[in-house]
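These notes concern the structure reproduced below.
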Amino acid sequence: MSEMEVEKPDLTLYNTMTQLKEVYKPMNPGKIGIYVCGITAYDYSHIGHARAAVSFDLLYRYLRHLGYQVTYVRNFTDVDDKAKNCGEKPLDLSNRFCEEYLLDMAALQCLLPTHQPRVSDHMEQIIKMIEKIIENGCGYAVGGDVFFSVDKSPSYGQLSGQRLDHTQAGKRVAVDSRKRNPADFALRKAAKSGEPSWESPWGHGRPGWHIEFDIHGGGADLKFPHHENEIAQTCAACEDSGVNYWLHNGHVTNNNVKMGKSLNNFFTIRQIAANYHPLALRHFLMSAQYRSPLNYSVSQLESSSDALYSLSPYREEMSGDVGKTQQSAEAKEMIKKVKNALKFINVSISKLKKMQKKQRMSLVVSLVEVEKAVREVLDVLGLLTTLSYGELLKDMKQKALTRAGMGEEEVLQRIEERNMARKSKDFRRSDRIRELLAFKGIFLEDVPGDTVWRPSTPLTKPKSGLGLGMTAIVFAIVFTFLGFFFYSR
């Protein structure tokens, strides 16, 4: 093994095709190719789309962390018929929502894929592939449409576990009588009024939903028929499908019903981001094992927001006023907490003075390594923000005020009323004001000489304490997400 070929730790993935956890063996040592089905771009993306993006972004980050050279491809299906209902040119509509999707992905701190192909840019390759499928006897043209013959694919249904005689074609839509088998699917559709179309040997038309491109990923709902059809047509055009591992993330549900636009039971990424920091949404989307369903929950989003806040040191941006050096009460309290932590460390070290110098140095190195390890884990999880702490905390406070339906002036007024009650020893009123704010997700913290507030999970019933310590949050995140996506050994 050369110096450049560093041995990678084993990576174990659950393969939908075999329904087993398998040790990943790349086709080319040190290199991994991932293809993930992207969105059909005709509207703002919902949090179900976000879960797929975050799940595979986590895999992408982890593989790079392990030292693999990763080629990550996520497509845009920009060929659709929704534009005719919007009075907008089809490609203009899709281009607009491709860009909106990329803004959402940036907010969620999803890394840009290596390539982001659009269907409309690859019509020539698609036509050549269809011609190859027909040439191999696996496809047939009828009246400008081209269908794939599932009878020519002996393994059809293997990925999803669907038997060919149980695919229930026609259950949701009428069966096209021109098909040789009701389960046959369209490789290309003849042009219709108001829809985008391209010239081909079979006339003007557009590709069906199943012409796309190691690892193939997507949402669980794509297993059948989308991915099943991909396998069938790719095998028909090429000797080898080129996919060894199939990964599928679970649905996001609303009241335990799959979230989707057809049921109008969804929330867009933008809607959630209007009330919560996008990284709180990312944290929420990673809060369950990636193949399991994830039920939408305001309380869970609140908990994720609280965790994100607790991970951020309590630092405020310096004032722009020249010569102003006075520290805020919150900053002073944070310094006090840091000093207490340092005092604890100093006491601990003083007890170890009798140790040999080498042992003491080992302790210091260990502390540095712990901090480094935590940062590495948070980076792999995509939770290290590029914002300054001041910018992050300011944004999270503003969104907490939005959720509470309050302005900061109103919160400060309540704090002043509470301070007056405390001075007059009306502790019942003081506690009541604090509790009422806590019910709205505004947590008051008394620090020397002042009272400050921070976002928190809304209080649902009286209790003695609120929030989690930063240390507890860090370790909870580390141990929760180490088993989120992968198993390495």
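Cβ from N, Cα, C; glycine included.
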Between 18-22, 253-257, 258-262, which stretch does Swiss-Prot give the note motif ''KMSKS' region'? 258-262
Range among 39-49, 61-71, 336-346, 369-379 that Swiss-Prot annotates as motif ''HIGH' region': 39-49
For the binding-site residues His226, Lys261, which one has the sparsest Cβ surroundings, going by other Cβ atoms within 10 Å? Lys261
By Cβ distance under 8 Å, which residues at least 6 away from the ends of the motif ''HIGH' region' (39-49) in the same chain are close to it? 76-78, 80, 82-83, 93-98, 100-101, 104, 219, 251-252, 258-261, 266-270, 272, 281, 285, 296
Averaged pLDDT score, the motif ''KMSKS' region' (258-262): 89
